[in-house]
Amino acid sequence: MKLLTGNDLSTGDVVWWTGRDWSRHIEDAVDVGGQGEAILRAEEGARRVNVPYLIDAEATEQGPRPAHIKDRIRALGPTVRPDLTLKPADADAGAWVI
Amino acid sequence: MYVYDEYDQSIVDARVEEFRDQVNRRLSGAMTEDQFKPLRLMNGLYLQLHAYMLRVAVPYGTLDSRQMRMLGHIARKYDRGYGHFTTRQNIQYNWIKLADAPDILAELATVQMHAIQTSGNCIRNISSDQFAGAAADEVADPRPWAELLRQWSTFHSEFTYLPRKFKIAVIAADEDRAAMRLHDIGIQLLTRDGVLGAKIFVGGGMGRTPMIAHEVKDFITADHLMSYLEACLRVYNRYGRRDNIYKARIKILLHEIGVDAYREQVEAEFAAIRDLGIDPPVAELERITAMFAGPDFATDAPDTVDRSDPDFAVWLDQNVAAHKQPGHAIVTISLKPIGGIPGDASADQIDLMADLAERYGHDELRVTHAQNIVLPHVRKADLYAIWTALREAGLAEANLDLISDIIACPGLDYCSLANARSIPLAQKIGERFAGRQRELGELKLKISGCINACGHHHAGHIGILGVDKKGTENYQLLLGGSGAEDVSLGKITGPGFDEDGVVDAIERVTDRYVELREADERFLDTYRRVGMQPFKEAIYG
């Protein structure tokens with residue numbers, strides 16, 4: 001599957017395209033399929049998100065899992081500060097990255 | 001310490017308001033990211049993996065307690081309660097909101113700080129010896145010269161758009177505590193026949209093409225230092241490559257045209273500009289120098305220390321250095337607790353270090369390129385009280401220059417350029433060797449998460465370079481580097497490893513070192529004596 005991601009203009013937060021808007025949570029991301037480039041160009045014009053780009057991901061029972069470790073770290077947060085990730089209460093969250 | 005005059009302050013204040021306007025235009029949508037990016041970078045604002053990152057300059061690594069407290073305040077108010085001290089003697093905040101950036105810069109300006117020259121193809125924040133003004137082996141205090149360089153380079157219209165970024169270090173001792181020869185220009189102050197001057201090295205650097213700076217000028221008298229440096233920069237600005245970012249640093253220019261040709265060009269340029277008034281008037285230099293006059297040291301301070309507490313004695317031996325003034329000492333506060341994140345300090349820890357500097361350290365602190373903090377002027381009689389306070393705050397790790405005193409870049413946990421994580425590796429190495437690091441002696445280990453080498457892996461006695469191998473993290477091991485006066489570049493041992501594999505490989509290297517070392521020989525000296533082969537055999541069999 002293909003996901004569209006970027007960083008929110010105002011906060012810098014990592015965000016994912018949900019089909020209608022942007023979410024901080026990768027679980028909300030949708031497969032943009034062949035529409036990725038068109039959505040990307042439209043969102044660049046909207047200037048809400050910095051440097052949006054398309055990535056490959058795998059659909060899993062837990063939700064989309066980016067193919068590259070860099071995007072998995074972006075989706076979760078720094079592996080060395082679990083308290084600052086999006087899942088601070090999940091002790092196993094780091095394993096999802098590796 | 002240097003104190004801003006009205007010109008310094010007005011420059012910084014005006015820059016804050018200019019950036020505030022630029023940020024507002026970006027947030028309103030009036031500017032695209034492509035238009036805004038070079039402007040934010042000129043104010044130290046990057047976009048990293050998780051958020052904007054603000055890099056704040058600490059000129060030549062020197063700051064007072066008021067400035068240090070401001071760094072803690074920013075961590076607490078605008079970030080997530082911590083900051084990361086860097087190998088450029090700066091501090092970075094990882095979780096900045098764009099709209100807050102102008103307010104942060106405005107607050108920094110109230111204590112004479114800024115984020116200028118922390119990014120872009122300009123002359124970056126000048127770095128220097130963290131023991132400046134305190135070390136017994138220096139011929140002069142390098143900080144007045146570093147400050148002069150700061151003023152000269154700030155918004156220098158000719159050097160704002162160089163082919164590539166440009167890093168300068170100034171030292172004034174034979175012992176190189178600033179990795180001087182791994183800078184684009186390295187300046188070593190020295191005296192000759194009673195005259196102060198400098199030896200000039202050009203073309204050093206790490207990154208993807210590491211090189212050691214060449215000696216370009218054996219001795220330039222101090223009264224012409226600035227015009228000579230101007231000539232060095234002019235030649236680079238004229239001939240440095242702009243067609244290929246990877247060949248744009250001055251080290252590539254020297255490599256391509258040769259040191260002698262570069263020197264000839266510089267000498268010709270210098271001859272043309274040396275009498276144009278580029279060098280500061282004597283009165284201006286004296287004004288700056290006077291601000292770096294040392295504190296009034298107590299002349300009757302006791303020169304002995306009670307070593308009866310064994311834990312304190314270990315820290316004393318490892319983290320406390322000799323001071324030029326009897327009865328005083330230089331304390332290095334390790335930001336490398338075992339299992340911690342190298343260079344990180346919480347807002348509370350930053351406040352505590354500021355308090356200690358104010359109470360015991362003549363109000364001065366330094367940031368080191370090894371990502372530690374120095375109290376340069378403390379009385380020996382106060383060392384136990386300082387250590388006790390540091391220990392309560394988790395800042396008393398006695399590991400300076402040992403294997404767990406690791407330089408590590410933020411790596412893939414934070415950095416958008418990185419290929420692999422650096423910090424978890426540093427944590428594993430620290431934990432693996434915590435029990436035997438003193439047995440191994442001085443062993444400087446440095447980790448970079450990509451080829452840009454922010455973690456100085458080329459200069460590590462043991463260096464580690466993280467690479468991307470088909471989407472997974474892989475680590476190359478290097479041996480034999482040094483950023484000190486015995487400067488050298490590390491060599492790759494062979495095929496890389498996964499995270500656990502590289503920790504195991506380091507253990508095999510250190511085990512072999514213990515077998516091979518003679519007397520109290522350092523790891524680096526053993527490596528230089530026996531070469532790579534015994535270590536390769538230990539690693540790969």
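Each residue, glycine too, has its Cβ placed from N, Cα and C.
Here TrEMBL flags B:52-109 (among others) as domain 'Nitrite/Sulfite reductase ferredoxin-like'. Residues belonging to the domain 'Nitrite/Sulfite reductase ferredoxin-like' (B:52-109) score a mean pLDDT of 98 in the model.
Taken from TrEMBL, the feature domain 'Nitrite/sulphite reductase 4Fe-4S' applies to B:119-270 (among others).
Mapped onto DSSP classes, the domain 'Nitrite/Sulfite reductase ferredoxin-like' (B:339-393) shows 27 helix, 14 strand, 14 coil. Taken from TrEMBL, the feature domain 'Nitrite/Sulfite reductase ferredoxin-like' applies to B:339-393 (among others).
The domain 'Nitrite/sulphite reductase 4Fe-4S' annotation in TrEMBL covers B:406-539 (among others).
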The domain 'Nitrite/Sulfite reductase ferredoxin-like' (B:52-109): DSSP-derived helix, strand, coil residue counts: 28 helix, 18 strand, 12 coil
Residue distribution over DSSP helix, strand and coil in the domain 'Nitrite/sulphite reductase 4Fe-4S' (B:406-539): 54 helix, 27 strand, 53 coil
